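Written below as structure tokens is the structure these notes are about.
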Amino acid sequence: MSLYDKSVTATRSAHRTSDTLHSLVAGSVAGGLEIAITYPAEFAKTRLQLNQVSGRNKQNVPWPRFGLQWYSGCIPFLIGNSVKTSIRFVSFDGYQKLLADDDGNISRFGILLAGFGAGATESLLAVTPSERIKTIIIEDRRLEKPRIRNSFHAMSIIARDHGLSGFFQGFWPTTARQSAGSAIRLGSYTFLKQVVQSRTPQGGKIGTVKTFIIGSLAGLITVYLTQPLDTIKTRMQRLEARTRYGNAFICARGILEQEGFTAFWSGAVARSLRLVMSGGIVFMVYEKVVEGLDVISPAKRYEIAA
């Protein structure tokens, strides 16, 4: 191998590393900013799902005045979402490369599989523990005398009462929701982006407004197809879920028999609001951060120079 070939190989390797780092940084920034803006809608969604209890024991607790209480459980959710978003984009890019042909092309089914893989990966590494902490904090705030002081206190209670496995309570419905959600969201976003790109003059870029709209539509599609899984996930992560439900299948049957089919879409409007906004924010910020990092990337400059 010539010195030039070695240089080109090293440049390509550095560029791949740079791409992964860019995805990681951009995903974290996009996820963190999205939660800071949209968390009150997540709080409302979770409260609505926890309030749906049938019969004489219906627990419709008065809503707190809008303010800091609407950010209860935000810190673990913010951390988890930032990590999750990074994992989602990095793993999605990785799975797409694995499923692509020799020319780098990937089918729509391949995009769907990459989305499922990204969802399962993010659920395992970030989502389930952070959402478990968030859910019990929000549920605790519904009590007349809340006992959980902060996120660290919530973690100590989970560890004390349930051990390490307590952080993964609701893992299967969470994984199902994340896998389906990522497949639908990323798949629909990629498809819609390809459609818009095909109608864009050659060499032209999709503008910020169009990117926001595409991301928002992808978020809206995701909500109504995955809301039943989200409702089951929330119920399975509440404080007394193990004694009340046992497992996700019993939980789903109980919701259907006691509350009716529509109960699976509890909080759908609030989640729609959040995911429509977050879909636009995440994809728009992600694309812009990646563009900015590409401008200052040494690997990018070397490749152009080569």
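Each Cβ is built from the backbone N, Cα and C atoms, and glycine gets one as well.
Given the structure is predicted, the values throughout are model-derived calculations rather than measurements.
Annotated features, as they stand in Swiss-Prot:
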- 18-98: repeat 'Solcar 1' (REPEAT)
- 24-44: transmembrane segment (TRANSMEM)
- 67-87: transmembrane segment (TRANSMEM)
- 109-195: repeat 'Solcar 2' (REPEAT)
- 113-133: transmembrane segment (TRANSMEM)
- 170-189: transmembrane segment (TRANSMEM)
- 206-292: repeat 'Solcar 3' (REPEAT)
- 209-229: transmembrane segment (TRANSMEM)
- 267-286: transmembrane segment (TRANSMEM)
### Message
With Cβ-Cβ distances below 8 Å as the criterion, list the same-chain residues six or more beyond the ends of the transmembrane segment (267-286) that contact it, or say none.
### Response
26-27, 29-31, 33-35, 37-38, 41-42, 44-49, 85, 89, 185, 189, 208, 211-220, 222-224, 227, 230-231, 234
### Task
Give residue numbers and ranges for long-range contacts of the transmembrane segment (24-44): same chain, 6 or more residues beyond its ends, CB-CB under 8 A.
66, 70-74, 77-78, 81-90, 138, 267, 270-271, 273-274, 277-278, 281-283, 285-286, 289-290, 293
#### Entry: Non-local residues, at least 6 beyond the ends, that sit with Cβ under 8 Å of the transmembrane segment (170-189)
88, 92, 108, 111-120, 122-124, 127-128, 131-132, 214-215, 217-219, 221-222, 225-226, 229-230, 232-234, 236-237, 241, 248, 251, 279, 283
### Query
When you scan the chain for residues with a C-beta under 8 Å from the transmembrane segment (113-133), skipping those not six or more beyond its ends, what do you find?
73, 76-77, 79-81, 83-84, 87-89, 91-92, 95-96, 98-99, 106, 151, 154-155, 158, 166-171, 174-175, 177-187, 233, 237
